[in-house]
Every structure is written in C-alpha cells, then in structure tokens.
Amino acid sequence: MVKVDMPNDSNTKFEIQKWLKKYSIAHTPFQSKDDLLFLVSENKKNVIDQERAAYKEKKLQEQAQKEKDALKAATAAAKSSYKSSSSSSNSSSSTSSATSTRSLVSPFKKIQIVNGKVLSASSISVAAFDDSSSVATTSSLTVPLKIINKPRNKLNLIDRIENNTLHVFISSTFKDMIGERDHLIKVVFPAINLRCKAKNLTIVPVDLRWGLTKEETTVKGQIELCLKQMDKCPIMISVVGERFGWIPNEYKLSSNDSADPVTQYLSSLPLGESITSIETRYGLSCHKTKHSVALFRDSSSLATTPQIQDHFGEKVEESKTKLVAFKEHIKSDAHCTVLDGYPCKYIGVDKQTQQHCVGNLQAFGDFVINQMMDIIELEFPNPIELLNAAQQEEKHHSLYQTNKAQYYWGREAFQKKLLDHIHNNKSVSLDKIAIVYGEPGCGKSSSLSNLVTKLEALNTPKTYLVLSHYVGCSGESTNVPNILERFSTKICKQLKINHEIPTNLEMLRTEFPKILQKASKLVKNIVIVIDDLDELSTQNQSHQMEWLPDTTDLPSNCFVLTSCDQNKTCWDYLHLRTKIPHTFYLSPLEMTDRSIITTHTLDRYSKRLEPKQLDRLVAKTHAKFPLYIQLVCEELRVIGNYDKLNSIIQKIPDTIDQLIVSILLRLEDDFGRDLIKKTLCFIALSRYGLLESELLDLLREKGTPLSFVQWAPLLIAISPLLRNGFNTSKSITFFHAQVAKVIIQKYLPTEKSVIVAHTQLADYYQNQCHGTVDGSSKKWNGTLLKPFVELPYHLTCAKRFDWLANLFQDLIFVETKFKLKLGRDLLENMLLAITETQSPTLSGERWTGLNFSSSNLVQDIYNFVQYQAHNIERYPLVVAQQAYNLPDDSVCHSVADRHLWQTKAPHFKWLNKPQLSDFVIASLAGHEDFVRCALYREDGNMIASCSDDRSIRIWSGETGALVRVFPKLHTDKITNLQWRGNNNLVTVSRDKRVVLWDEYGKVLHEFNGHSQAVWGVAVSGDGRRIASASWDMTCIVWDIASKQIAFTLTGHTNKLSAVAYSPDSRLIATGCWSGIVIIWDAVTGKQLQSTKVSDTTILYLMFSPDEMLLSASCVDSFTHILARRNNWSKEIAKLEGHKEAVISSRWSADGKFIVSCSDDKTVRVFDCADWSQASVMTGHSGRIISAAFHPNSSKRRIITAATDKFIKIWDPKLGYSVTQAHQGHRKGVSTLQYDHENDILYSLSDDHTIRSWTDFQRNDLLVPGNTYENINWKKFKLLDPQIFGSLSLAFAIVSNVGTVLQYCMDKKTMIKRLPDTVKCTAFTITDNDSLFAVADPEGVVYVYDVATFEEVYRNRHGFVVNELAFSPCSTYLAASDGKGTITILKSGGLADKTYHQCAYLTLEPMSAITSIKWSGDSSSSSSSSSEIDTRYMAVGTVDGSIHIFDVKRSFYVHRVTTNVHAFGIRSMAFSPSSKYLFTASLDKTAILWNVETMTIVSVFPLFSIATSNILFFKDIQNVPTVILSDYTGKIHHLKLIGVNE
C-alpha cells in the first residue's frame, strides 16, 4: 500500500511549493496559496501513480539483482568460453586468401565479399550461399547451414511504396530473441541501407518489440493492430528459436467488420496459436503481396549452457509439439525461403533489458543481407526515381480526391447543375467563375471531387483539361503560389506548351492567364476546380482573391468552380468583382439521398440496416448532412451486438456537435480522458496538422514515449475523425473543421486553457527548432521548416509576448528564418505581435517576465528587418552585420553588438559610419512600368499606387505588403490618382476616363467627357465633387451624387496638366503648359484670378492645409509659392535646390514642410518657416514622379514613386543635427592608394580631384589633407619618391585619352609620357615601381621601365586585352582578353626584365574577366615586395564568378565559386596573409571569403551603392583593415574583427 502525504490548509506556502517541486509540478512563486492547493488537488492522482511506479520499480530492481547474483557464475563461464572461441575464429580468419576477397568499409560492421557475396570479416568463412546448393558449411562452426530455397515472384512493390521507403516486418518471440533483433536493427539493416542508397531506397524495419501478454490481450484489437502493422510491410522476416511464445486465450477484435481481411483471418484462425505463430501464418497467407524469409536457430548452439535452457527453450510439451508443427508449416510454404539452423553463442545478460542474450550471429546476418538484396534486385532492378516536391504534391491531391470521391453517392441533380455550368454556359450575363457553398458538413469537397473524377473518366484527347486543387490536403496546398505554379506546370507539361513558369507570385499572377490563353486553343474545355478557399493561408493576402484571374482574363472555354462558406472573406471579395460569380447552393440531403448514402457507406463494412432502422436513422435532425451520416456509420460499424442496435440508434444524438461529443465520451471510456484530451487538442490547435512523430513527442510523459501498445489502438480509434484515417505517413488532421471546433469547445472552454495548450506546442516547436527533444541546446540548428513557422504562431496564440520579444531579438533565429526562406513570414509574425501588444483589449497573460515597453524594441527590430528584408534574403548571415552597421545609439546596434560579442563571429567594425540611419525605410516592388503616383490613405493604413502598366495596387501602410491589385479597367497609362476619404479612390488616365473605385477594386462609376488624356485630378474636401484636368484645355467638375458634370472650367489656352481643390472645397486651382495658374470659385465655376508663374509647364498644384498658400511645381526646377493675402497674384517664395524639373510638391498635414521630387532623382524637404532646405534624399535610380507625406504628421514619413518602377518610403530625419562631415568625394572614386610610411590615404574621383586623408590609422573619421583639382584621370599610382630624387610625390596615371604619363604633384608638371600612338585599354604597375604595362586596342601588351620609359617587352595577346596585373616582385604578368582566357607572362629575373609566356588559362565556364588580383600585393601588406610570397591568383568575371588559381602548382585551379555575386566582380583584395579574399560586385555587396575553402566568412553590404575599390592591410596595431570606396564617392574605413590573420 502506497501512502502519500498531501499538503493542506495547515501547511505554509513554502511547504506547498516544496512539495510541488518534489513531484515536478509546474508552478510560479507568484501564485497564491489557494492556487497552489488547487494544483495539489488537480495532481493528486498523478502523484499517487508516481509513488506506485517508484515502489514497483524498487521491487523490480531488487528482484533483478537477485537474478544477477544467481546467474553470475554461469555468465562468467559462458563469456570465457565465447572469448576463447572468438580468438580461435579470428586466427583462422586471418589466414584466408587475400586474392579472393575485398573489404568494404562500413560504419556499422566490417564485412567481406567473397565471389560477390557478403560475408563477415570475423570467424565465419561460409563459402557464399550458393542457390544451387541447399547446404553450406563453415570451418569454424561444425553445424551445417541448411538453406531451403523457394521461388520468388515479382510483386511490383515499386507501385506500393511511399516516399521511397520499404518497410520490413520482424516477427519473433521476444525475450529469447533480443540478440537477433539487436543484430538486425544495429548491424544488418544499416548495412542494407548502405547498399540501397544507389537504388534511392530506404529500408525501415518494423520491430514492435512486444510480445503480447495476457493483460495486453484483454484490450480489444491488440492482435488485430499488430497484423495491420504487417499490412504496411511487403517483406516479413520470421525468426524462430526453441520457444513457441505466448498463447492468448482469445483473439479480441475492435469491430466485427467482416470485410476487413485481418478480421476475416483472425475469425477463421483456431485458438491455440501463439502471437508469433499468428503473425507468421498471416504473413505467409499474404504471399501475393508479401515476400517472406524465415530463420531457425540451431538447437544445439546453446546446448553447452544448460543453466539458461529454461530461458531459451519450452517447458510445456504441448508447446514443443506446436513449435515443431509451426516450423514444418513454414518449411512447407511454397514461397518462403528458410535458413534452418543458424549458429549462435550465449554471451550473457543484456545491459539494457537485463535479459539473457546470444551473439556470434554473423551467418544469421549474412543470410538476411543476401535474401534482402535478392528481393530488392528482383523488385527494383533500376534506381527509383526520387519524387520531387511537385510530384509529392500531386500525389497528395490525387489521394485526397480519391478518398473524398469514394464517399459520394446520390445528388445526381446537383452534379448535373455543375456539368451544365461547364457545358451550357453561353450566357454573357453568367460568370465563368462559380462558387459551391452550403452549411458545414454538407459535402462540398466530396461533390467537387466526384465531379473531377467524372470529368477525368470522360476525358478524351483535347476534350477536357481538368485542373483541380484541394486546399488543406498538404502543408503547401494552402499557399497561392503553389496553386498557380501547379496549374501552370500541369498545363505546359500535358499540352506540351513552351512557356517559362516563374516562381514569384506577382509574375505567376501575370503569366497564368497567358498560359490559359495558349491552352484554350488546344483543348475544347478547361475546368479549374479549387476546393475550400477559406483554408488558404493568410500570406500574400490570399483571401482577397486577387490571384484568381478575372472573368475578362479567362479564355471563353475556361470555367472555374470553387467552394467556400458564405459571407467569409473569400466570398465577399469574389462578390466585389465586376461580374458577380455564379453560385450553387448545396442543399441538405433529401430523404432518398440520405438512405442511399447511409446504405452505401455501411456496405463498405459489410453492414446493413433493416428498413425501419434505416428510416429512424435518416430521420435524425442532422442526417441531412453527409458529415453526420459518415460519423454515424463509423460508430455503428464497431458495434458487435446486433440485439442492441435498435436502442443504440435511438440514443444516437440528433446533431453533428452532439454526435462528436458522444464519440469523444466513448473514446474517454476506452483510453482515459487525459490521453484523449491531449491527443485531440494538440491536433485541433495545430494549423496544418501534426506528423505522427510530432504527436508522439507531444504525448511523452516525463521523457517516456507512448508505447505502441497504447498508440496503435488509440490511432485506430480516432482514425474515423482523421482526414487520412489510419495512414500516418501524412499529417494527422481532422477531416472536417467542425470536429476541431467541437473538441476545442469541449476540452478548452476558457482562454486560459487555450493559452496553456498553445504554450505546450510552442515549447515543443522551440525544441524542434534547436534540433533537440528536451531543449538542452539553444543553437537554432534544427533542419525542419515547420517548427520555425509554427513557433511564433503558437507563441502569439498563447499571448507569450515576452517570449516573442526575446525571440525576435535573437539574431540567429532571424538569420535562420531567412535561410529557410521564411523572411516574409517573420515580418508577419513581428507585425502581429506588435499589433496585439498595442491593442487596448489584450487579455490573458501579458508580457510576463519582460516590461511591456519592450514592444518598442520589437518595433525597432521590425523596422530594421522590413527595410533589409530583400537584402537578408540573399545573404541571411548578414543580419548581425547590418544591424551592427546602424548608429551606435540604436536598439538594433546594441542587439547586434551583444550577439557578436557572445558568438565571436567574424565581422566588420565600420569606423566612419554615419551616426544617422538610412533615409529609406522600405522599397515596394511590383509595378511593371513607371509608377506615376503613390499616396497614403487619410488614415495612413493603406497606400494606393498607379502605373503606366495600367494597374492600380493597394499596399499595407504598416508593412508595405501588397494587399490587392485592381482589375485593369483603364486601356492606357494611368496618369494620377487621389483618395476620396478612406473608402474610395479616383484615377485618371490617358484613355480620357475618370474612374471612381471602392477600396476593394469595385468600379462605382466611370466619368466620360474629356476628349484628350487626363493628367490632373483633385477631390473636394467634403468628398462631393471631383475635378479633372485634361490636355483638351478644360477642367471638368463632376458631381458624385448625380454622376453628372457640375460645370466645365475653360479659360486656359494650352493643355492642362494640374488641378487642386482647397481643403474647404471653396476654391479650385488649375495649371497648364504655359505656366499659368487660374484660381476658380469651386461653387459657381467663376474665374477669380489668373497668374503667370513660370515660362514652363506647371506639373502639380496643391493648397496648404490652412488654405492660405498654393504650391506650383514647374519644369523650370523650382517650386513656386503663391499666397491668398496677395490674391494669388504674386509669388512669395521660390524653393530652389533641384537641378531639373520639379514634378510634384506636396504639403505635410500640419503645413510645416513641403516635399518635392524631381527629374534629378532627388527628394527635397523644405521648412515652411523660412523656406530653407531641411533634407535631401537620394535612392531612386530613375526620375521621381510623385512625393507625399504620411497623413500623420507625427510619423514624418514620405512616400515616393519613380520611373525605376519602385515605390520607396523614407524617414527624412527632420529635426536631426548631422555633424558628421561627408566622408569622401562628391562622385565615384576610381582609385585608392595608401601610403603606409606616412599614414596617408589618397583617392582619385570622377569629380576630377585627388584628395589626401592624413593620419588615416590614427582617426576613425577621415581627416582631409590636400586636394588636387582639375585632375582628368582614370587611374593613378603613388610612386617611390626615391626614384625621382628630391621630388616628394610622383604619380603614374592614365588620362581619359588613354595616354600614360608621369606627373609631379608638387610642381603640377608632367615629367614624361608615352607617345599618343599608344592608346591604353588596360594599365598596371609593379609594386616596386620598376615597371609598368599597358595594352592597346589591338591586343598588344607593352612593358616599360618606369624610370626611363624604355620598352622592355611587346607582344600581341588576343584581340582585346581588358585587364593587366603584375604579381608582387614582378615575377608574373597576367593579361586577359575579356573572353575568359588569361595569358601568364613570366620575367627572366632581376637582370633580364623581358617576359615570356609560361601559361595559358581558360576559365570554365568561360566568361568575360573584369578583375585580376594576386595574393601578397602591396595593397595587402606594408612589407617590402621582396618579402612577399605569391600563392594565389584570383580572377573575377562579369557573371559574378570567382576563380582561384594556385600559383605554386603551375596555376592549378584551386576553387571556383559561382552563383553568389549577382553581377560582375568590380574589385578584389587578398588579406595580408592570403587567408581571406574580399570581393566587391556591382550587386552592391562586398564578401569576405576563406580562400582555402571559398566559403563566406562575412558580408559587408552597402546595398544602396556598389563598391568600386578595396584596400586590405594591417594597421599599426596589427588589426586587419579594409578601405572601401563606392560609386557615390564615399570612402569607408573598416576593421575586421574576430578572424585569425
């Protein structure tokens, strides 16, 4: 009797906590005493069970110890005998002939192959199992091995396996076969899998490790479940010793389903068979679907150890007799090959199981390997084709369709309606898109699956092209890109259409209608079926249905059938389309259909109801739904007592919800409430279902997994509720959403209970992310995608925002999400968490353990990741570096600093970085042509944009994510747009139309009246009128309520290009090409004032928020300000700064600032207090057409649109003081040169200056020195002053005309130059300033002496030489011809300066060479050139490839790296030790490589600009230093931290 002292009210809070801690019951120090006592009462039963288990374990240990002591002597003697035998065997083995064997190295067991057969390398030298002989002998074992071979037929297993996995069932008694089972699992099957890799096949042994005991067989269906496990296995290995095994008293069945093969077999089997006999006999009876192999243990092998005979042999004579008969039955089977009498040795007690064990099983293992490989060669003569992701997805959909269609009976009238929609839809008024809807459980999925099955059966060549997609049948099926890519791929493959299929959603949306148009010409009808739209992922705004082509974009013979619930998001958006979809209501079942479906469903189980019973059943309230009938039939089929059937039917609940609850109560009775609750709740709360392994891990108790004895019957019991039934190779999820809904209502009725369950799932997925079960590792090194998707989701559902805050600060987690292509998912996770934490109605557990203000921290990280997302997607490892590059006082920099210090990861410290973050916050891409306008909605939550591509796009104002795309109604370029409140949008176009839309893309009205293109549009402040300005020299004012013209403003004599309404709706301003502004009375249409503002076109007009000022943007590069106080007749200010036409100028909401944009590609902000320039921003690569402030003045955001097709969002940094000087030139830097001796950096720029920066290593920021102006050079090199005596500075340069000369900077005079006839296309100079080389346009390479300009070498190398590079010490000169070949010239030595060709290299693959660099050059070291050792030559190409050649191995190709840099390599530099290579590309990234492995060490991305030059050397403190210059003229000073140079 176990006694447990339970705490009560008399105990202190500390005593209760101590008790809870003892039994590992979760609690917190902050819980009250009453809450702790509640935990005590809730866990009382668990604690008693723990104590009982501990007591039982103690007793078992005591008993085991006694057995150990009793068998100690026998075990020692047996081991001694075994060792001596092994020694003898090994010595005999070593004498075998070396010429007749070959070794295979395996991580599992060393084996030998003799005459093509696998044998052990140890004692058994069996002369190969010869198929012609049934007896083989061994030299070390005297027992002959008798093999009874049987013929095998090919069973076409290739059609039955899933995921290239072949299951093998192992059948044997248990406690006497531990050695054999271990040998199979640990040695034999790993060796088989090693050999099967070439077949792309995985062998999985099914070793249940259980012999069913008397207690276990009292649970219904245990033997049945075991046999069902065998059905998954097309191969059976039966191992028989001298024990017959446990004989159950009865074969209990879980149901009386006579149609089930397992039930039929067990029903016909007489009592008296053991579990092993039942398994083996069943396997042998399935010879048409299963291969069988049997092995009998040699009875004499254990004769020398009589003390353990009771363990390995039978005591009961009856069992011995049955064992003999059992063996004879196996031998007599026509298809089972038998090894009769394999040898073994007793080796003692197994440490894990504490059971007696045998060893020396080489012959046993070899036989299994040979038989398995024979079967595999028979069934899989050729390697199996691996299913790619697309093929696996197709398989999921096919299986789901088959499963759903087989349950469809009756309802022929409804099927006819669907077919008529396809065949007879000739009416213009009817939409080609149709929606099937109905109440939950009405059979929408089955109806569509049945329709697709029928169409596929009726299909003849070029009659139907059926494209079906079942949302939710797999994890990827919920993603819209997956749908469009599947359909596009299937069309192109089936109809042999040559069309490139993109993977990007935006491109798929564009290309899919084009592919449909091509397919429509090749087939009679195209039918698209998409089931269960409501289950689509929320990513990419899928529920807004913009991805589904509009009716106008579909071919005339293409029809779409979908299913979704009424009044859900998908339904609403489809009904907002110009043409409303056709709808088909799936009405409840009629009585006749109910009876048909019930009868057919029960027929599958060989069941039938009496007419009265059937009538009573179908009269139930919810029998009108197929879901109800399916659930009821599943319940009825397990009833074994027919006499009670009437009363059971009477008690069946009337509704689906009640029926599901009754099923749950039955399951609780069978398996216990706790297990059922946990199992079903985990499945219900999962988004996309759980894998079997995931669910079993979640159901672990104190680290102990759920045993097969518990799991198998549980899975069978709940399988009727699951989508895939008993098949656990797919996700375990409920077949209908209603099931999950009822389970959550029953078991998780409160918010707190839901939070607890989600927290458990979050705990599990976090451990999965770390690649552990117990969370012992925190490295985020899990390889599975799903845990990283599910973890933030479940944390958000559990309201664990403290946990989420820490998660989002973990840069390794952020990096891993991007590595797994989950960057956009991470942004959605962050935004959802921020939204939840800022919600005033947030309930539940809020930010426990972390201050609520941490939401601001997450906001900062979100802004950083959002801005850098497109860059991090390319290089995930750049997360920490980019965050570290931010200003030192930023949150992200602090997080990155801590991360880099903890991880000791290599990184760059940017010494002269700007202490002000970038202006650009986000870039929005998607338009295919010039973006004409982008504006925030009045509440700032949405952004609208229009483009020359005729599209209108709506974006999220918070995330920048695309929300929807309007139908392309306009037939020409859309020139402008304006919001009308928060719900409507007005667009104008060159097609002369003005269109009013709602926010969802539904056209409210088209206003037609202009005779030429419309360029300007304005909406009155009260939203009642629209003004449009046209090239027809008129401005029409439209009344929205009447949809008529209120009046037309005429008075301009040139084309109108701009119009504006005053905020009080009392004034209208119009502007034209003549530079004239006219002010009108907006009520009467009377002209009030005409003012000549400019001699050039007025492009944009806007009144200030207080209506006192008017801004006019003009082609003359100014923004002109007019004032009401001067009656709009006089300019009071002219905003200067832009160099080209100002295309638009807009006021901030508070009227304090004006933002303007220009053809000069800049955005400028002016302070209205004194009209001074407050900010200048660059970032667009094209003309900027539109610029506007965020409507919330506190945010100070600016949005711009440009001809580069991008929309950008900016922080103009208004109010910040920028004290840091400009670090560099005003234009791109073409050459950098560092003087180590004097610590001076020189830079040559396209702004025609050379600047010196003094005390370079002693300062973080660049300190300007001398500036040399009017320098029209491309490249220069600082020469050694000693060559020219007293002259302190001399340069060798290449001028723009291609002439090389020497120049004295002090005197500003030229010393020497090459003749003008030598036109230079490439130039280089040696590190010791002794020689320089040039190449001319004819491909001739010249080498000259620097001091005398004497020619020392001349030869032609190719048609064009575009790159030249001397190696250190001038030993080699590399010349590339620009096509992918390099000529290596070698000097004759110090005395002989001439060069001869020593190597000719051709790149593989060939690509134009853009850069050549030698290791150990002067830019990489401060040492003298004579001390430099050249090891590598690096070559960069136009396609971004890097080729490394080993100089010391005669230019052997050391490494080639491709597909990393997106564009051509611009510059390269080796580190001083040649261990690292730094490469810069036109893709705006600089990458640090480990030269030996060519793996990425770190990345320093500037991203907005491309790097032009790199210097790499060690500073005075021996720290690796890098200097970068870019094409904007900036120079960046970096220190490389965390590397071993």
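Each residue, glycine too, has its Cβ placed from N, Cα and C.
Features as listed in TrEMBL:
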DOMAIN    432-563  domain 'NACHT'
REPEAT    924-965  repeat 'WD'
REPEAT    967-998  repeat 'WD'
REPEAT    1007-1048  repeat 'WD'
REPEAT    1049-1090  repeat 'WD'
REPEAT    1135-1167  repeat 'WD'
REPEAT    1177-1211  repeat 'WD'
REPEAT    1222-1253  repeat 'WD'
REPEAT    1458-1499  repeat 'WD'
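Highest Cβ contact count with the repeat 'WD' (924-965) among the listed stretches 1007-1048, 1049-1090, 1177-1211 falls to 1177-1211 (criterion: pairs under 8 Å). Note on the repeat 'WD' (1222-1253): residues 912, 1261-1278, 1305, 1419, 1422, 1508-1511, 1513, 1516, 1523, 1525-1533 of its chain, located 6 or more positions outside it, place their CB under 8 angstroms from a CB of the stretch. Away from its own ends, the repeat 'WD' (1135-1167) comes close to residues 1096, 1099-1100, 1102-1106, 1109, 1111-1121, 1173-1178, 1180-1193, 1196, 1198, 1200, 1202, 1210, 1212, 1214 of its chain (Cβ-Cβ under 8 Å, at least six residues beyond either end). Applying DSSP to the repeat 'WD' (1222-1253) sorts its residues as follows: 0 helix, 18 strand, 14 coil.
Residue counts for the repeat 'WD' (1177-1211) under DSSP (helix as H, G, I; strand as E, B; rest coil) come to 0 helix, 18 strand, 17 coil. Tertiary neighbourhood of the repeat 'WD' (1049-1090): same-chain residues 1012, 1015-1022, 1024-1025, 1027-1037, 1096-1103, 1105-1107, 1110, 1112-1114, 1116, 1122, 1127-1129, selected by CB-CB distance under 8 Å and a gap of 6+ residues from either end. Listed as Cβ neighbours of the repeat 'WD' (1007-1048) (distance under 8 Å, sequence separation of 6 or more from its ends, same chain) are residues 972, 975-981, 984, 986-996, 1054-1065, 1068, 1070-1072, 1080, 1082, 1084-1085, 1100-1101. When the domain 'NACHT' (432-563) is classified with DSSP, helix, strand and coil residues number 62 helix, 25 strand, 45 coil. Secondary structure by DSSP for the repeat 'WD' (1458-1499): 0 helix, 23 strand, 19 coil.
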